[in-house]
Structure formats: structure tokens, C-alpha cells
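What follows is a structure written as C-alpha cells; I'll ask about it next.
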């Protein structure tokens with residue numbers, strides 16, 4: 001509509017929000033056992049163990065679905081829940097057919113066409129990009145034995161809630177995802193009675209005020225969803241490792257960061273001087289191991305007439321001279337503009353035998369095993385010095401790249417992925433974001449067979465399962481866990497599910513060491529992992545939860561400047577009024593504790609709800625450095641399910657000068673000996 005029309009419509013009492021249409025971007029097997037689910041999860045249906053998401057409906061707002069994937073087979077599935085009101089809509093020849101597993105598939109494109117009139121859209125939810133199929137199967141794919149990617153990671157693939165029913169709402173196309181289409185899909189999914197909504201997309205970090213929450217399609221749509229009992233899980237974004245790069249920071253959303261798992265795809269670079277450098281790759285073909293191949297750096301192989309030699313160093317399209325490259329291993333440098341797999345295609349097109357992809361200083365030691373189109377490996381920035389020294393000091397440098405391999409258990413994990421967006425939230429630093437982290441690096445899941453795993457036009461390979469990395473992949477892991485919890489505890493609210501996931505998370509890796517940040521090599525902080533790494537088994541029995549009410553979120557928004565009339569649209573209480581005294585933002589009943597600025601002393605309150613047996617809980621505090629923390633009372637006694645108890649946390653700054661200012665991190669835990677209810681503490685300490 002025209003701007004004047006929008007202004008008039010915004011005045012209507014039944015209209016909650018009017019804002020410009022814009023584009024959002026996607027945040028693009030072993031992971032579940034790494035999360036300790038295999039101890040209690042069968043590898044097939046029919047077990048006498050708890051149903052794995054039965055009668056729960058999990059939906060993605062994404063690029064659609066590849067319905068023929070075995071991950072969406074209805075074999076062994078129960079009947080479609082009677083509450084379901086959705087359907088499969090398709091007006092194309094190759095229709096998306098529903099079954100008892102895939103019970104819904106719809107598409108939305110009016111918004112994207114308003115922005116990008118030439119966008120190639122179809123009247124179908126069929127996935128032609130692969131992203132949506134991957135995320136949906138990660139959340140709730142059926143059991144599929146012998147799933148692999150060209151021999152890598154062979155095993156039984158399944159989602160987090162394999163007994164759950166799934167629905168795909170296609171809102172993303174090649175140009176991106178329109179917020180108008182996202183809101184329309186939210187509306188439809190709520191009408192269809194979806195339980196869990198999974199969104200691996202975002203508009204980027206927000207640097208506006210608090211009112212920006214409800215000018216954002218995901219924040220607005222998710223608040224509607226939560227107010228109607230659905231849980232919304234979103235990706236944190238891939239703009240890391242810088243501070244304040246977090247996406248989807250609204251407190252009613254479960255915001256998920258990305259970390260590694262212990263499955264590794266080592267690819268060893270062998271130098272002619274017998275040095276061996278460990279890299280990573282998922283190449284589908286390997287070099288013969290009985291000979292060495294000449295090395296050449298991209299910058300030394302520039303195509304004739306190339307004005308900018310840097311393009312050859314980066315192995316950009318058509319930047320290499322075939323006469324110089326033929327039969328050699330080309331060394332290319334990673335950058336932010338050219339896709340990693342595209343560099344390999346450039347080398348292959350020029351006749352190269354293989355490629356070594358070298359991280360620059362920005363990317364550091366995070367290496368990703370990509371599905372390269374030729375023999376290739378990626379090495380760290382630190383290891384690149386050894387390689388470049390060899391190339392410089394050797395007259396005829398030669399080497400080889402080892403064949404493909406998969407190893408489990410060798411790699412120290414989880415560690416925070418460098419690309420994963422970081423907190424604090426610029427809009428509301430009083431709420432710690434992200435909430436948790438989950439596997440998001442080299443995740444194997446179902447894929448479309450319309451495109452190659454690299455997405456390159458010249459790559460003719462097709463595969464039913466593929467590896468992807470990003471917070472797009474970590475998000476559906478948590479969506480699957482939310483589905484399990486909804487099946488096990490159908491009466492739990494979205495906030496209770498979120499709390500159970502957060503307060504049972506861990507901050508140690510598989511070597512019992514603090515989780516590392518691959519961006520720095522140092523210990524990671526809550527700004528990277530939130531409350532920690534998800535543990536599904538523990539989440540099913542948290543003992544206590546922080547059961548934030550919808551009215552709590554509305555009071556939070558009141559403090560940010562929204563009025564009562566506006567906010568009544570999100571609650572069944574049509575008499576809701578903002579409190580006369582604004583709520584302190586730190587007092588939102590959140591499972592983590594974050595103080596925007598601490599000059600002297602602040603008192604924060606929380607309320608815990610018992611969802612387990614009667615018990616006596618004692619508090620333990622690991623106070624942030626230079627912050628005195630006092631919790632009252634120190635003991636909480638619960639005699640029945642549903643009972644609630646309030647406690648206070650008094651925090652006092654003990655810094656002596658400005659040099660000691662900044663963010664400090666600690667931890668609080670309530671325990672009855674069996675249950676451990678953990679909360680991260682983040683305090684921005686300033687001198688008075």
C-alpha cells in the first residue's frame with residue numbers, strides 16, 4: 001500500500017502494527033548422540049520408551065520441503081492429531097503430497113514479489129534450495145538407516161523428535177524472505193494449530209530502540225504465537241564473532257547459537273618436506289596417493305590481463321590462468337565475498353588437480369569441511385604460515401591431500417563457532433542473548449535433489465543428505481528438543497519449555513573443560529553460548545522452571561514505551577493495563593540474569609515453579625568478579641507440583657576504578673541433590 005494508506009490504517013483500533021516490508025536472510029545424525037540423546041533414544045520406532053514427540057506438530061518457516069525424502073516417510077507414524085487444521089497446497093504438476101508425517105505444506109510470496117517483482121516463484125512449497133528440507137528433518141525427521149554424504153558420516157539419520165508430525169511454510173525464495181510473507185505464515189501456522197515454530201532466518205542485528213521489537217516480523221509474529229501457547233525457536237545469526245551481533249533477541253523467543261560436535265572430517269595436507277598439516281574436507285573425490293603434485297599460489301597463477309591480482313589470490317571466478325594451474329594444487333585464500341566451494345570450482349575449471357583453502361586472520365582457526373567439487377582441504381590461519389614458508393623456501397614445492405575420512409570422539413567439543421552471533425543485545429542488554437547453543441557445524445540432514453550440495457550451477461552432483469553449517473542448523477536441534485518436551489509435558493507453557501532447556505544446559509566440553517571460543521581460542525562466555533549447550537535428557541526433568549507469563553512480557557514492553565491499548569491485542573485479558581510504576585527490565589522472570597549497568601547496588605527478583613517432586617533446594621553462587629552477590633532466601637522448600645517461590649538477588653559493585661569496569665560473568669544454581677537449575681549471571685559493572 002502507499003505510505004498515506006499505511007498511516008491511515010495504523011490509526012484503526014484493531015491494527016496492532018504497520019511497518020515497511022523488507023527482506024530477511026536465511027542463517028545458513030551424529031549431533032543428536034553428541035547431545036547425549038542416544039542413551040535414552042531407540043534407533044527405531046516401537047520401543048517401550050517414551051514417545052519421541054508423538055502428537056506434536058513442528059513447523060518451519062523456511063524454503064519449503066523435499067517431500068520425497070525418506071526423512072518424511074509416514075512409516076510407523078501415528079494418526080494425524082485431531083486438532084490439525086492445515087493442509088498441503090500445491091498448484092504445480094509435481095505436487096507436494098501430504099502423509100501422516102508431513103501433514104502440511106504451504107507457500108507465501110506476495111511480500112517478496114512486492115519487493116522483487118522478477119523473483120522466480122512457484123505455486124508450491126517444494127524446496128528448490130535445500131535449506132528448509134535440512135532444517136525440518138533436523139528438527140523432526142524420521143529414522144533413516146545408512147544415511148550419508150558420499151560415504152561421509154554413514155549411520156542412522158533422525159530428527160530430535162522423530163515421532164512428531166511436521167509442516168513446512170515456504171516463506172523464503174532465492175532473494176530472501178519477506179517479513180510480510182513471514183507474518184502471513186505465522187498467522188496461518190497458528191490457525192493450523194502448530195505446537196513448535198522453528199525459524200532459521202533473521203533481519204540482522206538491531207541497533208534501534210525497544211520499540212523495534214514490534215516493527216520486526218519475527219518478534220511480532222512470535223509474540224502472537226507464544227500468547228497462544230506455541231513455542232518459537234530462532235537462530236541467533238551468523239554475524240559473529242563481533243559483540244552485539246545477535247539476531248532475534250526478543251525475550252519470548254528461544255534464541256540459539258551454534259557450536260561444534262565431536263565428529264571430525266580430517267583431511268591432511270602432506271608437504272614435500274614431510275610436514276603434515278591437518279585440515280578439513282568433505283571432498284567427493286580424492287587424489288591418488290602414490291605421487292606428489294606441484295603447488296602454486298593463486299596470486300602466482302593470475303589469468304593474463306587480470307587487473308586486480310588479489311582476485312587470483314582469492315580464486316575468484318575466471319581469475320586463474322589454466323596454463324599455470326593445470327595439474328597443480330592451488331592455494332586459495334578465504335574471504336567474505338566468494339563462497340568457499342566456488343573457489344574450488346574456479347580451480348577445477350582452470351584444470352587444477354586440487355585446492356588448499358587457507359583461512360585469513362579474520363577467520364582464525366575455524367575450519368569447515370565443505371563438499372568440494374575436487375580434492376581439497378581447508379587449513380587454519382596459524383597453519384598457513386607453515387605452508388607459505390614451504391612455498392617460499394622451496395624451489396619446486398609439491399604435496400598431496402589425503403583421502404576422505406570420518407572420525408568420532410577425537411575432537412574437543414562443543415566449541416563455539418566463530419560465525420555464531422554474539423550478545424549482548426543492543427536493544428535490551430537486561431536480557432541475556434543468545435539463550436543456549438546447539439550443534440551447528442557440519443550437520444548432516446535431508447536435502448533437496450533439485451540442486452547440488454554446493455548450490456553451484458556447474459556442480460551436477462545430487463544427494464539426498466547433505467552437510468550444512470550455521471545457526472540455521474543449531475536452531476532446529478532446539479526445536480526438536482522443544483517438541484520432545486511438549487510431548488512429555490503437554491501442559492507446559494512455552495516459557496516452561498524454554499526454561500527447562502536453558503537451566504539444564506552445560507558449559508563444559510567432552511573433556512570436562514570450559515567450552516572454548518574458536519574465534520579467540522580462549523574460554524567462551526555467556527555472550528557466545530547463553531546459558532550453555534543443550535542437554536535434552538536433562539531438560540525433560542528440570543525440577544524447577546521460570547514460568548514467565550505473557551503478561552510479564554507485556555509489562556516488559558510497557559517499560560520500553562508501548563501503551564496498554566496496543567498490548568491488549570496480545571492477551572486474553574482485555575482489561576490489561578501497564579503498571580503505574582514501570583517494571584525494572586532486569587526483573588523479567590527470565591531463566592538467566594543480566595544487569596544492563598551496575599553502578600552501586602541492584603536487587604533483582606525471580607520466581608521458580610516446581611514441576612517435579614516435592615523437594616528442598618539450596619542455592620549456590622559463583623559470583624562475577626568484583627561483584628558481591630547475596631541471594632535471599634538461600635533455601636526454597638516445595639511441597640507440591642505447581643507451587644511457586646520467589647527469591648531475590650542483591651548485587652553490589654566492588655570495583656575501585658574505571659580500569660576494572662566492563663562485563664563480568666558468574667553463575668547461580670538451585671539444587672536438591674538430583675536437579676540442578678542453573679542460571680548464567682552477566683553484569684555490566686561501572687564505577688559510581
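Glycine residues also receive a Cβ, built from the backbone N, Cα and C atoms like all the rest.
So TrEMBL has the following annotated:
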type	residues	note
ACT_SITE	62	active site, charge relay system
ACT_SITE	131	active site, charge relay system
ACT_SITE	472	active site, charge relay system
DOMAIN	2-27	domain 'Inhibitor I9'
DOMAIN	53-532	domain 'Peptidase S8/S53'
DOMAIN	306-383	domain 'PA'
DOMAIN	587-683	domain 'Subtilisin-like protease fibronectin type-III'
Please indicate, using numbers and ranges, the residues of the same chain that are 6 or more beyond the domain 'Inhibitor I9' (2-27) and have a C-beta under 8 Å from a C-beta there.
62-63, 111-112, 114-116, 131, 172, 175-180, 182, 200-204, 214-215, 217-218, 220, 235-238, 247, 470-472, 475, 565-566, 569-570
Could you state the CA-to-CA distance between residue 62 (active site, charge relay system) and residue 131 (active site, charge relay system) to the nearest Å?
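Distance between the two Cα atoms comes out at 7 Å.
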Summarise the domain 'Subtilisin-like protease fibronectin type-III' (587-683) as counts of helix, strand and coil residues per DSSP.
4 helix, 62 strand, 31 coil
Could you give the Cα-Cα distance between residue 131 (active site, charge relay system) and residue 472 (active site, charge relay system), in whole Å?
8
Can you break down the domain 'PA' (306-383) into helix, strand and coil residue counts using DSSP?
21 helix, 15 strand, 42 coil
State the count of C-beta atoms found within 10 angstroms of the C-beta of residue 472 (active site, charge relay system), not counting that atom itself.
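Excluding its own Cβ, the number within 10 Å is 30.
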Within 10 Å of the Cβ of residue 131 (active site, charge relay system), how many other Cβ atoms can you find? Include all protein chains, please.
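Excluding its own Cβ, residue 131 (active site, charge relay system) sees 25 Cβ atoms within 10 Å.
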